[in-house]
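What Swiss-Prot says about this one:
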type: BINDING; residues: Asn89, Thr139, Lys143, Arg261, His293, Ser345; note: substrate binding site
type: ACT_SITE; residues: Lys141; note: active site, proton acceptor
type: MOD_RES; residues: Lys167; note: N6-carboxylysine
type: BINDING; residues: Lys167, Asp169, Glu170; note: Mg(2+) binding site
type: ACT_SITE; residues: His260; note: active site, proton acceptor
type: SITE; residues: Lys300; note: site 'Transition state stabilizer'
Amino acid sequence: DILAAFRVTPQPGVPPEEAGAAVAAESSTGTWTTVWTDGLTSLDRYKGRCYHIEPVLGEKDQYICYVAYPLDLFEEGSVTNMFTSIVGNVFGFKALRALRLEDLRIPTAYVKTFQGPPHGIQVERDKLNKYGRPLLGCTIKPKLGLSAKNYGRAVYECLRGGLDFTKDDENVNSQPFMRWRDXFLFCAEALYKAQCETGEIKGHYLNATAGTCEEMMKRAIFARELGVPIVMHDYLTGGFTANTTLAHYCRDNGLLLHIHRAMHAVIDRQKNHGMTFRVLAKALRMSGGDHIHAGTVVGKLEGERDITLGFVDLLRDDFIEKDRSRGIYFTQDWVSLPGVIPVASGGIHVXHMPALTEIFGDDAVLQFGGGTLGHPWGNAPGAVANRVALEACVKARNEGRDLAAEGNVIIREXSKWSPELAAACEVWKEIKFEFKAVDTLDPEK
């Protein structure tokens, strides 16, 4: 069975048992009345069952309801069908004030019907020939308004300065100021020039997201013809059907696939309604993607540390034990489905590098947009500053130093040998994003 943990807030007067049963029925075989055609099938075989209910500590009239769904309810290899059933009409149910899908346990038999990520972590490292450190990226800014030639210039400067990747922002598609084909050509020219000058393999996430699947595939095919290593997709706004289609193409044609999660906070930010990002992350690993944005803990975007590390492990590891202290409701076995590299991006700069290296480890992409292009000396010095900071943190970690305790000292030491890093530290030394997270863990029993 597929197991689901729902946070249920019933309407006043509705007992939790009735609410849990209603969720199970509405998201599987049930409807609002008994129908004659119930007798033409075996409902006991197909109906969802609410098998356990527990109150949420510290919350009045809020419960975690566990529901089991028979596997025969779902089409093989289709995240679209799985979500249509589990989070379809039930979220508008009048008997509930609010409903949130906290987690899913995907059985191994169902996991094996999915291709998953086109390549996975180890294959990506082998393609890039880069080991033993996080990868460095940069989102080109301003995100909208640059001409294709100026956009390509920024890509070149960042890659030449020492970054591994540059990135289209999520809303860069094919606008009047920069049509997609022009952007692809100038970005490809930039990364090949940077590769020749640095001797390193470089990449730029060319956003293939489009208004139709046919147009999306046309862009991905053109990227492959240019010989670039990676393309990008906005998987929530683009949709799971489009994403899975693109992931299959990327595996067949040797392209890495970077995934942006634009629109996720509409779905996952509120604690009592919607669904958590850990569910969206599991769905992405099934649908397919080699990278996905996963928050930073320390930057400008929402993300509590324990929650973030919980779904980072769900993305990367082959087997994850149940751990309610990190928001993980079920043990999950991925049966060798390739892992996904988490991307830390949003309001981060060189002073965050020790914390990011300590939190995410080696298998991550640390992506500095404003933290590269906002350098007072220009784009290339901004990239140099980030690369020096990263190399200093990795060296210090490998020497056994405590990045959490000595991070500022490590960055200051490195800045003595890098004027670019010293200038970056001076510009961003006072920049912090200290706000309480909205989505937090429940208190322990």
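Easy rule for this one: first residue shown is 1, then count along the chain.
Even glycines carry a Cβ here, placed using N, Cα and C.
Note that the structure is a prediction, hence the values are computed from the model and not measured.
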Helix, strand or coil: which one is Asp169 (Mg(2+) binding site) in, per DSSP? coil
So the record assigns Asn89, Thr139, Lys143, Arg261, His293, Ser345 to substrate. If I measure every Cα pair among those residues, what is the longest distance in angstrom, as a whole number? 37
For Thr139 (substrate binding site): DSSP state (helix, strand, coil): strand
Going by DSSP, is Arg261 (substrate binding site) part of a helix, a strand, or coil? coil
Say you check the Cα of Asn89 (substrate binding site) against those of the recorded positions Lys141, Lys167, Asp169, Glu170, His260; which is nearest? His260
Arg261 (substrate binding site) to Asp169 (Mg(2+) binding site) - Cα separation in whole Å: 11
Spatially speaking, which of the recorded positions Lys167, Asp169, Glu170 is closest to Lys143 (substrate binding site)? Use C-alpha to C-alpha, please. Asp169
For the binding-site residues listed (Asp169, Glu170), most other Cβ atoms within 10 Å of the Cβ sits at Glu170
Among Lys141, Arg261, the one of these recorded positions whose Cβ has the fewest neighbouring Cβ atoms within 10 Å: Lys141
Close recorded positions near Asp169 (Mg(2+) binding site), where close means Cα within 10 Å, chosen from Thr139, His260, His293, Ser345: Thr139, His260
Per DSSP (three-state), His293 (substrate binding site) is strand
